[in-house]
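S.K.: What Swiss-Prot shows for this protein is this:
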TRANSMEM  30-47  transmembrane segment
TRANSMEM  62-79  transmembrane segment
TRANSMEM  126-148  transmembrane segment
TRANSMEM  152-171  transmembrane segment
TRANSMEM  180-202  transmembrane segment
TRANSMEM  222-244  transmembrane segment
TRANSMEM  251-273  transmembrane segment
TRANSMEM  307-326  transmembrane segment
REGION    334-363  region 'Disordered'
COMPBIAS  344-353  compositional bias 'Basic and acidic residues'
Amino acid sequence: MKLHEENNKALFEAMRNRENPTKWESYKQVITAVSAYWVFSIGLVFLNKYLLSSVQLDAPLFITWYQCLVTVFLCLFLSKTSKAYGLFKFPSMPIDAKISREVLPLSVVFVAMISFNNLCLKYVGVSFYYVGRSLTTVFNVVCTYLILGQKTSGQAIGCCALIIFGFLLGVDQEGVTGTLSYTGVIFGVLASLSVALNAIYTRKVLSSVGDCLWRLTMYNNLNALVLFLPLMLFNGEFGAVFYFDKLFDTTFWILMTLGGVFGFMMGYVTGWQIQATSPLTHNISGTAKAAAQTVMAVVWYSELKTLLWWTSNFVVLFGSGMYTYVQKRVMDKKNSGASPASEAKSDKVKLLGRDGNAAEESV
């Protein structure tokens, strides 16, 4: 009888520990999620930089198109595997022409976003990549007001002014070091605008795919496969690919496919990090990751930067971090007294409408 009671007690303790994980288990989950986000995000930027600048293939749109192809394949494959074997959960991926047409306006913005992101990375160094696209927050505020009619607090606008100052200082100091590419800066500004528009239009069309971000990812990339074809033709990339001397090189295709896998995984690890922490912590992690990425790039490429160049990076990072903090306070104030379900919904909308980090880093 005593042994039976001890067994029941042990079973109860095991069930309670499973339902209420210890602090250490929670810490492990957070550390693993944040580490995965950093590894895939930083790895994707360096890998794309290599593909865009070091393999002697002048076809940035083709590289982006292929990564979209990998994403579509992975979405369909995981959906079929999930349905057939039930080893994990992944949403169904029905290919519907009606849904594809409804998502098309967003897909046009999506194609512009991933194209300008990669074109910016092609012409600027990894160390300047974050500053080069740092106006996303500013465009997000402007577009939210012009398109949705939503006003932003004076404190948030002050943070945007700080970001603009840091961006201009960064451009100036990049010129001082002799590594400034005006083409790259222009593509960076256009990428920032596209990311802001992408976040807004994502909210508008999300209901068309049943509020499923994975399904939206599949349709966006599926539409992109078609939209990229005339762009590649106009840019003369079919000939560049056909005459590429490493076209049948296994290593090249492994790296290309790995870039697509990393881009796909960014969607998962971003959601995982948010789930393990919070939208605010996710944004702070993204800002810290950008700082680490900048330092790593300077060391990896043996670059020499001025004190003012580093100051520009700090100003942009500080402005972005303060903007996140200010917006979080605004959301907390709005959510005070609201139900937990309403708070969760607000956090989701805030995530979609913020800087679009997930989207811009997934390419």
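Glycine is no exception: its Cβ is also placed from the backbone N, Cα and C atoms.
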S.K.: Counting Cβ pairs under 8 Å that sit 6 or more residues apart, are there three or more between the transmembrane segment (152-171) and the transmembrane segment (222-244)?
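M.R.: Contact criterion not met.
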S.K.: If contact means at least 3 Cβ pairs within less than 8 Å, sequence distance 6 or more, would you call the transmembrane segment (251-273) and the transmembrane segment (180-202) in contact?
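M.R.: No, the transmembrane segment (251-273) does not contact the transmembrane segment (180-202).
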S.K.: Would you mind listing the long-range same-chain contacts of the transmembrane segment (30-47), meaning Cβ under 8 Å and 6+ residues beyond its ends?
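M.R.: Same-chain residues near the transmembrane segment (30-47) but 6 or more away: 121, 126, 129, 255, 258-259, 262-263, 265-266, 269-270, 272-273, 275-277, 282, 285-286, 289, 292-293, 296-297, 300, 361-362.
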